[in-house]
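A.B. asks: The structure is given below, and queries will be raised subsequently.
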Amino acid sequence: MKPELEPNIQSESPNTSNNKFISWFKQKWSNDPLFSILIALIIMVILQTLTLGFDYPSFGEWFQAWTNNWINILRNNAAIGIVALGMTFVIMTGGIDLSVGSTLVITGAFAMYLLDTGAQGILGGIGITGVPAIILTIILVMGFGYLLGSIIGVSITKGMVPPFIATLGAMMIFRSVTQHFTQGYNTSVPVEFLQISSFKIGNLMIMPIIYWAIIAMILYYVSKKTIFGRQIIAVGSNEKAAKLSGVNVNRVKLRVYGLMGLLVSIAAIIQVSRIGSMDFSNAGRGMEMDAIAAAVVGGTNMLGGRGFILGTVYGMLIIAVMNNLLNLFGVPPFLREAFKGVIVIVAVLLQRKEKSA
Amino acid sequence: MKIEMKNIRKSFGSNDVLKDVSFSLEGGEICALLGENGAGKSTLMNILGGVIPMDKGAILVDGEEVDFPTPVQSMEAGIAFIHQELNLINDLPIYENMFLGREIRKKRGSLDLKQMYDKTKEIFEQMNIDLDPGKMVGDLDASYKQIVEICRAMMTNASIIIMDEPTTSLTDTEIERVFAMMKTLKEHNVGIIFISHKLNEVMEICDKYVVLRDGNLVSEGYVTDVTKRDLASFMVGFDVRTESLRRTKDMAEVGKEILRVEGLSDNKHFKDISFTIHEGEIVGVTGLLGDGRSELFLSIFGANPFEQGKIYLEGKEVINKSTYDSINKGIAYLPRNRKENAIIKDMDIFENASIVTWPIFAKRGVINTSKHKQLFEKQRASLRIKMGDMTDSITSLSGGNQQKVVLSKWLSANPKVLILDNPTQGVDVGAKEEIYDTILKLADEGIAVIVLSSEAQEIIRVCDRALVMYHGVIQGEVEGDLMNEQTIMSLATGGELGDEKGVYQK
């Protein structure tokens, strides 16, 4: 059985460039799963540009405003964008991670305890200060994140606890523990640490965006070219067949949850270094839903198997631009979630249509 | 009640499944319906159960012609079909299962549990069954589940019950329990059609028998007039063994030992299995449903655990902790049920063909795509895989070509032992022959090939010798002239090898 080719539209009215474009578009639309997402993103960007308006004295000033708006959007979403990348892998294995928001605060709190310049600071207490303290903190926090993710992974693989339950439990435990141990605790993070997020390149505060971009590129490569990346698809698509093909299913899952924890800890470092503190009772609340939404809008199949790192980046951008748009339109904050919900459902509807076509 | 099926014909496309079959049964009779896989048993019963329509013929109940367009009409006429996969819900108690879909309700619409419980109890007493109707179905063993299903059929006043291989997953004591139930039913003047492969059971419980072969009714009569051996030969016919692919090979040519298994048990699916397989041999393993052969080889492959026993590869004991371990040591396993166990539909043809060997050629975890392309091109040419682009979806291929892709991933791993579980399942005739040719070629190259199959004909055509399994044990080993369908069938139904010698040896 050969897959039938799309009917050739060119034959009806030959050689007009317009029709060539339409047939190319149709072909892309039905064959490239990321194409419709990209189109949606482009439409959002055009809308956003129009809404921002052209009411500026010069092109230079308009461009300045436009760029600034974009940098704001990207920077505000970098941390969650990184978490969404990890969530993509988790969902591709057929799992889910509800604990990301709580992992964010527990790793964030850990970072702040390590760095605190006051009496409670752990590293300061043993005489490590300055740049070495910052580097050590980054390593320890990332290690902690990886460890927490791995613990969740072990309970899912060895303990055979369903991912939803394991991460739901972890979500409650991590935040509750963090809140208990940080009661009445005011930290002051060293100023140098804030440079991680606020260091300016030229005149632009874009470090979080750069981290996001680098991580996205690395994970894109991992998902396309490495055994680990391809085995994720195999595990999520048909776990039994993967096992019978020599894939160590448990190891793949363990690594995916470990990676998830690691990425969340990076997000925590970005968050803490952006603001200098963290609100342990509210930071990261709903983060899991935003990350899942970004992955789903980006074409990841909730049942596992199919998923795209690039799609998740698009998905995150669509949600981010839409938030910005609603802001520009002056839509009341409580209504914004509704729009997000609509976007998620429409995105999935679009993907269903492609499948049946 | 008496049912008659007259001159039933049924074909699927150009494939004539039933060719003018007539069959009748009266209340109080137990009739065995026998035949190999594909003989037409299930089709005949599905027609009686209203599951599929017949092309020609008539069904008569007590002499009156009836029509069963759907299973509902068949049930209303008093025919109950008890399928191999039981239709019970484990998380509900017995009495609720008994009334599933026909619940007794109180006036306000809530369930009348009390009445359902009492009615169930009543039926159980009638049938001499000592069972608490309040028990959860999930807590029952397989035989009681069968009994619950039969009682449910009785509650709808069924007077004919079709039982499709009811004993395959049962232990001996459980089988006795079901047989006792069947005898009670018989006393209540219920007719039973008993589909089974196990001739011992047929001889024990049935009054009459009917044998189908290739859509024809080849023999019928009273069980007391025939022997097991007669039944086995009716089932396979005598006109077998055409164009055998078996190689003429004498034992002296057999190479060194590759795989030896000693006393392997998982205490569940297989017990005390020992055998040895040599370089370049093709060994068949066959049996009927529930013989444990797939489970046995999944354990040897490292996919399932086992309790006792040892596995030796080239004389050295190996402990395979995982499938990956086994692959590294040179064991390959092509599973049965391709769609469920082998095809990864979110990956393209090329990836499906290379997943096994990724770790072998990778550098620092990065897949060596060019090496895999090279390997796949080689396999594609030698297996003659017909396909479009390598990046097309695996589901765009026909069954036979999908199977070849799955086979190619194992051949790229250069195995010493190749285990093929139902390798020609869902594969068209042409691809089937090509897979047989490949098996022969691989054996000539020195690979020890193990073919698991439920089709005795397949085993006879390609294998040098065969192990026949029955209820988790190797019932016998056959080779040469002894490797014929009668002997295999007899062993697979629990017979002894000694019974056969001298009778069918030519």
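Just so it is clear, glycine is given a Cβ too, placed from its N, Cα and C backbone atoms.
Quick paste from TrEMBL:
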TRANSMEM  A:34-54  transmembrane segment
TRANSMEM  A:74-91  transmembrane segment
TRANSMEM  A:98-115  transmembrane segment
TRANSMEM  A:121-148  transmembrane segment
TRANSMEM  A:160-181  transmembrane segment
TRANSMEM  A:201-222  transmembrane segment
TRANSMEM  A:254-272  transmembrane segment
TRANSMEM  A:307-326  transmembrane segment
A.B. asks: Run the contact check on the transmembrane segment (A:74-91) against the transmembrane segment (A:201-222): 3 or more C-beta pairs under 8 Å, excluding pairs closer than 6 in sequence.
C.D. replies: yes
A.B. asks: Can you work out whether the transmembrane segment (A:201-222) touches the transmembrane segment (A:160-181), with the criterion being 3+ CB pairs under 8 Å where the paired residues are 6 or more apart along the chain?
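C.D. replies: Contact criterion not met.
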A.B. asks: I need to check the long-range neighbours of the transmembrane segment (A:34-54): which residues 6 or more away from its ends have a CB within less than 8 Å of a CB in the stretch?
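C.D. replies: Result: 28, 62, 65-66, 69, 297-299, 308, 310-311, 314-315, 317-318, 321-322, 324-325, 328-329, 347, 350-351, 354.
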A.B. asks: Any residues 6+ beyond the ends of the transmembrane segment (A:307-326) with a Cβ under 8 Å from its own?
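C.D. replies: Distant Cβ neighbours of the transmembrane segment (A:307-326) are 33-34, 37-38, 40-41, 44-45, 47-48, 51, 69, 72-74, 76-77, 80-81, 84-85, 87-89, 91-92, 216, 219-220, 223, 232-233, 236, 290, 293-301, 335-336, 339-340, 343, 347.
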